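The feature active site, charge relay system is assigned by TrEMBL to 201, 286, 602. What TrEMBL records for 64-165 is domain 'Inhibitor I9'. What TrEMBL lists as domain 'Peptidase S8/S53' is 192-642. The domain 'PA' annotation in TrEMBL covers 441-522. Taken from TrEMBL, the feature domain 'Subtilisin-like protease fibronectin type-III' covers 707-802. As annotated by TrEMBL, domain 'Peptidase C-terminal archaeal/bacterial' applies to 874-939. Taken from TrEMBL, the feature region 'Disordered' applies to 211-235.
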């Protein structure tokens, strides 16, 4: 049995209705004693905490919640409230949190937030959010959280989540240095000047030379560090702060590191922070590394374990840095803290945010929403795609949303390589930043207590003064070398579990070389054969040049599971063995080192953030979408999959590897704005108000995700033919004519109209791309291609990802009246026989009853006491394919808020619920087990002491009731659309009917599963008025 719940207010839940074939079977409404009922006819059942969390976004007990209110935050408020002028930003402007208009509106928002808090009985508030998110975080009981979710001024409520961080030579590798983008911006000594990069991460080590305002070795006149300061004061539109804390004072900020904040309220509401500084100071090293990668000083000498590793530079070396610490060792990154950091960063005046943090993919998580408003404020956001590759559908959140630039990780052409030389003459090369060893005994960790080198698991008597062979996995790599060190060993050979895994240059506690699986198994076999006479020597890591870029195996891949029409990641960038800053006192890793070379999409994201800062400097009027477009359309295609041989596809690398020197002059740009993203959300979620969606529809905005004006084109369900529009804006001086070329996905015909466009600088033009499935297409598999617009100088390329399917038909259609007709369109993805059959229509069985108000506003309390619920028993016969239980606002006697819960007939287990802010509730069960279901109506909040209502229920099987006919084509033509017409007659008045139309790829199906392709549900109301 599959449970299809209604989409409810609360944490967004996507429940796509995919049902099997439906038919008509009568529902018997009975009143009997059955399993799960106590002697007094109270149901001996309860709703599991996880079900309440799914229905309302609610957990048991008292927990932290993030509450979003319906009013606009500062960045999008365009007026309409008396005495509160608009605060919406004009293009190119930043928030001034001290202006009278913004102070007035933020006070209004805080008053509204306080009113909701008071109305729902909450007493402990943690944060107010007003600039990029209108809401607050607070400690709420389950009853308070449900009351909050149902409050009319609340848009959504989110339970606290814990996210995780996604964890030199690259300016040269990206072409920035030699006659590159740095030169176009005035040289290394001006690249990124006065652009502010906000880094939301683990904090920062302020004494690091990458963040010194006294040290700038860019050789720019007057910036050699010989003056009192290599940087002038912060930009005039900077409103941020330097917040003091443990081992961090305001004096630790300077004219390079211009801001530092830390956020611990959300974390400390759930746990105790240990092993970290209660301040912006970084105890992990991750935040220092990402900040120095994005915007660290130029030409900073890097030394690791006493070995000179050359000079390192940030991608935008003259940028200013603002650090926002939200992640804590052994604790993680709490979303309520993160939203406050985003809110502050936007108000402080950052131009760019790097966000190397991720969690579960969503479209309407609180960080997704906050970054949507940040984009409207002009803040470019780069984020890590995730480290869960190379499997499909592994892109994390918020990388999955279209208004953020999601970055995959690939290799650069420099690594640090050492080797292990065995006594038998074999030598295996791998990643290493450490020094080497003498020839020493070699032992397999599996023979010394722990193949994986777990802490305190190795026998010191067996490993002391030896080199230990350790298998990767389960614990952090540096924890293995720590365990080896603490057991008295002298070195470690770390080998992968597969040859596709990256070899990483960590700062290990002992001399270490990290090799592949094949070589590790060979070393293991040597130890087995040589026994106690096995010896080896580790050679120290040296800089070497390697072929690049290859996708890192760990880099998360598409398709985008939460929005499959949106190709993710967007681009790829260097993310393997990136040499950058570190904290010298890390909780994990060897102490005393100011630099390290580590890997992850956490490392690739700040490369894009840094390039975004350079593009913002070069083009101050470009929006975040324009910067993203420039990076995508100019991306290099010379990228291989992790095997180093197979060309990467758009689900690996997005639009390609970033090419900053081309991105600064892309020719054309694709622009998408706040309303475009809202329209996308109207089609993909229920998180946008119906009124807003109606207005957008009237103004011609498309809700189809494929139509969103991105620099990539994705269609997750191409049934025959589909046309998508794109609008481009020229940023090329003068007029230029571009012609299109197409690399069509296999099995897909692609036509572009027009095929040539001439645009002057600043002028926009629209073209359409029509995709048609051909007979050679492989159905239900993704196919990749591209299109490119070119003049004599530019090549504006867009990746294409298409999945052809057999048929496109609506999930549900509806009509009214006892007799009538309706028509709808279907589109074919194949050629051959076709049939459409009717099932139903069947009338609802109804039960009119009364429920009293639940004084506790808690379903499990009501189930226990019997107060505030009314229980119905509905018999679902064998053969039912689909059951629906519904309440309607029009069938209650007031402004009531009733909820609906359904329990299994045999076990009395909870199977489904619906809990909207009104009495419009619906629970759907696909292929339900037969039996007598308990259906509970909960009087969460009645209009008066009780509420009268009517419960509607249907069960559909395979039978045709004889009251509905279907007219449809008898054959399918690939790429063609046709009409299906449904006629009904002689229905009873004042009744709600349910049925379906099923589609088959044969002429005369003998049963409802015979040749089944798809179906459309049909709902007819004869009580409509």
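Any Cβ shown, glycine's included, is placed from N, Cα and C.
Where the annotation comes from TrEMBL, it is an automatic prediction and has not been curated.
Positions of TrEMBL features highlighted on the structure.
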{"residue": "201", "record": "active site, charge relay system", "Cβ within 10 Å": "28"}
{"residue": "286", "record": "active site, charge relay system", "Cβ within 10 Å": "28"}
{"residue": "602", "record": "active site, charge relay system", "Cβ within 10 Å": "31"}
*DSSP state at residue 286 (active site, charge relay system), helix/strand/coil*: helix
*Can you tell me the three-state DSSP label for residue 201 (active site, charge relay system)?*
strand
*For the domain 'Peptidase S8/S53' (192-642), name the stretch out of 64-165, 707-802, 874-939 with the most CB-CB pairs under 8 Å.*
64-165
_Between residue 286 (active site, charge relay system) and residue 201 (active site, charge relay system): CA-CA distance (Å)_ = 7
*Reduced to three states, what secondary structure does DSSP give residue 602 (active site, charge relay system)?*
helix
*Kindly report the helix/strand/coil residue split of the domain 'Subtilisin-like protease fibronectin type-III' (707-802) according to DSSP, in that order.*
1 helix, 60 strand, 35 coil
*How long is the line from the C-alpha of residue 286 (active site, charge relay system) to the C-alpha of residue 602 (active site, charge relay system), rounded to the nearest angstrom?*
8
_Within the predicted model, mean pLDDT of the domain 'Peptidase S8/S53' (192-642)_ = 93
*Helix, strand, coil residue numbers for the domain 'Peptidase C-terminal archaeal/bacterial' (874-939) per DSSP?*
3 helix, 36 strand, 27 coil
